[in-house]
Amino acid sequence: MKKLWRLIYSRTFIVLLLIMVTVGAILWTVTSATVLAPALLSVLQIFSIVVAISVINRPMNASFKLTWIIFIIGIPIFGALFYFILQSNIETKRYRKTFKQQSLLLRQYGQTSPKVLHALAEQDQDQLKLAHYMNQYVGYALHSNTDATYFPSGEAKFEALLSELRKAETYIFMEYFIVDFGYMWDSILEILKEKAAQGVEVRFMYDGTNSLTLLPYNYYKTLRKYGIKAKVFSQIIPALSTVQNNRDHRKIAVIDGKVAFTGGVNIADEYINRKERFGHWKDAAIMIKGEAVANFTLMFLQMWNFNEKTPNNDLNYLKDHHEKEKSVIDSEGFFLPYGESPFDGDEVAKRVCLDMIQSATNYIYIMTPYLVLDDEMLDNLTYAAKRGVTVRLLLPHIYDKQSAYLAARTDFPMYLEAGIEIYEYTPGFVHSKVVLVDDKKATVGTVNMDFRSFYLNFECGLYIYKHRQVLADIHQDFEDAFAQSERITLIDFARTYPWYKRFAGALMKIIAPLL
């Protein structure tokens with residue numbers, strides 16, 4: 001009973017209740033108006049047709065169009081009305097405009113050195129195409145003179161992060177999707193408080209969804225009392241807005257402009273297996289040192305100033321990187337840290353994955369917790385297998401969300417019939433977001449293989465080309481994980497996935513683009 005009352009008085013319940021009240025009020029108003037003025041019904045029906053035509057002609061992914069059309073047709077009048085309200089939201093338009101201005105301002109600091117481009121051209125002309133796209137149209141520079149360390153677990157990344165945080169002398173920038181109380185956060189916070197007291201500039205930003213279930217609503221104010229500059233990205237409020245569906249899913253730590261971390265590891269005890277939720281938690285992360293850190297600094301500042309003008313002193317952090325880049329690091333290969341934004345319409349993370357899949361000649365290994373692909377990604381992945389490339393997918397055996405399990409398994413027959421090998425990590429849950437191709441290139445970051453990461457969230461990743469040690473470490477991580485996993489066959493699928501689950505999965509795929 002106490003749990004029920006806590007739920008009722010929780011911020012999550014109140015926010016959801018107010019949103020439901022808002023939706024109910026709109027439905028009641030429209031229904032009442034059409035009863036009192038029957039002619040209005042005809043007007044709204046025409047309006048629905050116009051909205052449906054508008055959706056069809058909008059430059060958006062076909063899966064989103066299909067979902068919205070089903071919604072508009074399935075819920076006559078109201079479906080079109082909700083689409084119009086969400087797409088016309090003033091807050092959404094303001095955020096898009098501000099973010100675009102931020103991106104254009106910061107893009108001047110994301111230009112690739114001609115020397116780096118020349119060095120890449122000598123090794124692989126085809127790789128220049130991706131570098132050109134990133135440099136000219138997105139604003140992320142390709143770098144050499146960088147070294148990297150791959151972590152096959154959250155525990156390994158956590159220890160390295162603590163070590164680097166303790167070395168901070170000038171600044172610490174941290175941006176995380178999930179922050180929860182526990183050993184991991186206590187350990188990090190202790191260092192952040194200590195560094196802030198020493199005069200190190202400490203900035204910490206977390207996503208607004210934490211305020212619903214994990215952190216107090218004004219927890220950022222508590223952090224500020226410790227001398228930490230803290231912000232919340234897009235607090236959840238009881239209002240109809242598509243912006244609230246665009247979450248900051250990035251995990252970034254930058255120390256002194258010299259070291260950067262990214263990967264799947266958030267700040268909560270399950271990520272380092274001090275708390276068990278879904279069996280053993282398999283995650284991955286990467287640390288870089290050198291020139292490529294500049295891109296992560298740029299990404300952090302982009303999000304930190306998401307809804308405001310970037311101050312000139314923030315731009316100095318990007319200018320300072322030019323001085324740091326004079327130091328030479330004994331390294332090989334090329335690195336391209338990149339960000340994904342739902343506001344630029346460029347689908348950067350998806351393009352990186354497609355470029356890797358389409359260029360594969362030997363094998364494609366993918367680790368992801370969620371597998372809900374649009375037709376283009378699905379077609380490219382199955383075609384790669386059909387043309388003789390070994391394609392292996394590593395997925396969780398224990399899922400954190402039933403909806404993710406149902407949606408992912410719905411497409412298993414298509415993957416298996418094309419010759420794709422599917423493995424489920426039997427010890428528990430895979431949260432790693434890693435793609436490895438031909439021992440030549442890889443990407444490690446926050447990007448899941450689903451609609452939310454490719455289209456709705458702010459994400460980040462690190463593209464790695466021809467760094468032998470890191471690629472070898474990633475390859476070994478895959479092999480170790482495959483050895484602990486069960487390979488799924490069509491017979492297994494038919495035996496363990498009855499018709500009602502297939503039906504539920506098909507429904508989940510329809511609404512997946514909006515979730």
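Indices start at 1 and increase along the chain as displayed.
Here the Cβ of each residue, glycine as well, is placed from N, Cα and C on the backbone.
Per TrEMBL, these features apply:
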DOMAIN    244-271  domain 'PLD phosphodiesterase'
DOMAIN    426-453  domain 'PLD phosphodiesterase'
TRANSMEM  12-30  transmembrane segment
TRANSMEM  36-56  transmembrane segment
TRANSMEM  68-86  transmembrane segment
Report task. Quickly jot the same-chain residues contacting the domain 'PLD phosphodiesterase' (426-453) by Cβ under 8 Å, restricted to those at least six beyond its ends, or write none. Result -> 63-64, 150, 177, 249-251, 262-265, 271, 277-286, 340, 349, 352-353, 356-357, 359-374, 377, 394-400, 404, 459-466, 470-472, 474-475, 477-478, 481, 484-486, 512-513, 515
Requested in this report: Can you check how the pLDDT averages out over the domain 'PLD phosphodiesterase' (426-453)?
Outcome: 97
Query raised in the report: Per DSSP, what is the residue tally for the domain 'PLD phosphodiesterase' (426-453) in helix, strand and coil?
Result: 3 helix, 13 strand, 12 coil
Report task. Summarise the domain 'PLD phosphodiesterase' (244-271) by DSSP state, stating how many residues are helix, strand and coil. Result -> 5 helix, 11 strand, 12 coil
